[in-house]
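**Student:** The structure's right below; bear with me while I get my questions together.
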Ligand SMILES: Nc1ncnc2c1ncn2[C@@H]1O[C@H](COP(=O)(O)OP(=O)(O)OP(=O)(O)O)[C@@H](O)[C@H]1O
């Protein structure tokens, strides 16, 4: 039974004992790693030289005390006996109620103890300010320590070998060809110039698309050290610029801490979540970041704690963001933005097979031959559980599956020492009896290696048993309609989480002479509400032109809703979808479920350019859309998309709503539109069209 240990206020070592420090070091010498011992000895030497002039080196003694008392290489031997673990857990379940109460009492006592202690300390000391020159030699000493440990003039030699970099990027990341190309161009330019200074790269895209890991790969390819820090929610300028030394416990900013940690003056620094910077009254963190990042200024960056200029011009900064429009303008101006839109199902399949599965397998101590996950299972996992543009959720699901596989394997008795036979461990009772057989029966297969028959327990995962590992498929908010009814049209949205289908629903509320009105819901922002008003006007005019006798809009109270009401939405790009939804209801003509459209519409029916073409295309493919209507002005964006992204997708470009009307309602898309309330004329038109297509 492992020893139980609760952190008690008494255990927190706050007093150092100068006398027995040497004794402690000697007693732990064999356990403390060499590099830590080296630090301790250096600190001691420095302390001895300071001792004569200083009476207060408490902080350093405390620091040494912590270094010595850590349990270096002291492990309790772990017990991997699963049945035993289950017994203990079951026993715990029986006493759960009692244990929980006990736990709460213990915690309360501990918290109260700590609070009392803190009150005592506060009474004794005048927190928090203290003049630096009041003889507090420990903070002076710390200051000197920071100054001395910075890697002044120490650089790692950069590697500008483009072929090597290409190989490394390809090995570590699947796809992302345009991102890799851009990075290789960057390395090529650096190789010709002899320096990669003066560029700030910003990788922008939804979560989990590989921004951080590609940042790491760039550092490896260039042979630079890597350091990452997040500025998401950061609202304290001091975190970047450091505290002034007049503060007790003052520290330098993140960048100085980074240089100390990497030990070179030219690391690759990844600044995460630059679009989520906070704000505070005492200063704008965006300005502080500008001082740090701007190639024109950062050769003389001054940290408020160190108060000496530091040359950051050799640092390569890579920032990551989900949305570039939330990056403060002056920062964005200095960046070179590389967009990563998200992955299609086939790309995710490849990433899962060749990257995620391999690393998870290794991390769980499972051999590849112990698992057989079918393509169908993987596809189902991607399409029914992990539809978001990135692969982090997919990675979490694969982790979950492999953890369960590990448990099954251990239960079945497979261990590194006793490898060997093959069973479908999805049914434990089946597999344990199967293990004793030597013939291939149903889920069991014996594998022989050479003369000796080795028993390798193999877990099979297929579509049929996937739910045992990851539960039932989560409700998919993107797939609301199997068939779109009248008044419902699919648009495409683009948010920081990537692209997604965005249905516009319009329904009839009440009829009455002159009662024409439109109610709008779905957490829409002002711009989107205005879009709905414009759509109502344009749709009214269109109906008048197409069906002059149809008084639907003049006499109907309507309700337009954009589902997923819990998330707020804004922007003008749903304009054309709104008009189509209104007209579909007015003319009682449904629109094909595999048609999606996006485009801002003016009051006169002109279609204007929209953003997020790549993300929207990925979302459309994910939702089995066959045809997309884009504004003509976005054609260059679509042309730039990789061919595999557009595969099987019909794209139409329009600059007038009239063209959308023809595509959506007059069957100019290429296959017949059917609905119950069609007039004979339209049916004949459909027939003629289908004869020609
Ligand atoms: N193209 C790819 N090939 C191989 N692995 C990938 C690819 N894209 C992402 N991954 C893997 O997916 C995981 C998540 O990636 P990462 O953490 O870099 O995402 P991110 O874009 O930085 O997310 P966030 O915005 O949430 O920080 C990592 O394990 C990464 O290696």
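Every residue gets a Cβ built from N, Cα and C, even glycine.
Those TrEMBL annotations? Automatic predictions, nothing curated.
From a predicted model like this one, the values you see are computed outputs, not experimental measurements.
Relevant sequence annotations retrieved from TrEMBL are reproduced here:
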- 573: active site (ACT_SITE)
- 616: active site (ACT_SITE)
- 205, 206, 207, 208, 209, 210, 211, 212: ATP binding site (BINDING)
- 421-436: compositional bias 'Low complexity' (COMPBIAS)
- 437-448: compositional bias 'Polar residues' (COMPBIAS)
- 483-667: domain 'Lon proteolytic' (DOMAIN)
- 417-448: region 'Disordered' (REGION)
**Student:** Near ligand 1, which of the recorded positions 206, 210, 212, 573, 616 are found, taking a Cβ distance under 6 A to any of its atoms?
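**Tutor:** With ligand 1 as the reference and 6 Å as the Cβ limit, the list reads 210, 212.
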**Student:** To see if you understand the setup: which same-chain residues, six or more apart in sequence, place their Cβ under 8 Å from that of residue 205 (ATP binding site)?
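**Tutor:** Set apart from residue 205 (ATP binding site) by at least 6 residues yet with Cβ under 8 Å, we have 211, 322, 339, 340, 341, 342, 389, 390, 498.
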**Student:** Taking the Cβ of residue 573 (active site) as the reference point, list residues of the same chain whose Cβ is under 8 angstroms away and which are at least six residues distant in sequence.
**Tutor:** 491, 492, 493, 494, 598, 599, 600, 610, 611
**Student:** Round to a whole number and give the Cα-to-Cα distance in Å for the pair residue 616 (active site) and residue 212 (ATP binding site).
**Tutor:** 23
**Student:** I'd like the Cβ neighbour count for residue 212 (ATP binding site), meaning other Cβ atoms within 10 Å of its Cβ, all protein chains included.
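**Tutor:** Residue 212 (ATP binding site) is surrounded by 17 other Cβ atoms within 10 Å.
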**Student:** Note the Cβ centroid of 205, 206, 207, 208, 209, 210, 211, 212, the recorded ATP site, then list each other residue of that chain whose Cβ lies within 8 Å of it, in sequence.
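**Tutor:** These residues sit around the ATP site: 203, 320, 340, 390, 392.
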**Student:** Select the most exposed residue of 211, 616, where exposure means the fewest other Cβ atoms within 10 Å, treating these as the recorded positions.
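**Tutor:** Lowest Cβ count within 10 Å among the recorded positions (211, 616) is 211.
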**Student:** Sequence gap of 6 or more, Cβ distance under 8 Å: name the residues on the same chain that satisfy this around residue 208 (ATP binding site), in order along the sequence.
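**Tutor:** Expected: 388, 389, 390, 391, 392, 393, 394, 395.
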**Student:** Enter the number of other CB atoms within 10 angstroms of the CB of residue 210 (ATP binding site).
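**Tutor:** Counting Cβ neighbours of residue 210 (ATP binding site) within 10 Å gives 24.
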**Student:** Quick check on the binding-site residues: of 206, 207, 209, whose CB has the lowest count of neighbouring CB atoms inside 10 Å?
**Tutor:** 207
**Student:** Summarise the model confidence on the domain 'Lon proteolytic' (483-667) as a single mean pLDDT, whole number.
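**Tutor:** So the average pLDDT across the domain 'Lon proteolytic' (483-667) works out to 90.
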**Student:** According to DSSP, does residue 210 (ATP binding site) fall in a helix, a strand, or coil?
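**Tutor:** For residue 210 (ATP binding site) - judged by DSSP and reduced to three states - the answer is coil.
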**Student:** DSSP on residue 616 (active site), three-state: which is it?
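**Tutor:** In the DSSP reduction, residue 616 (active site) maps to helix.
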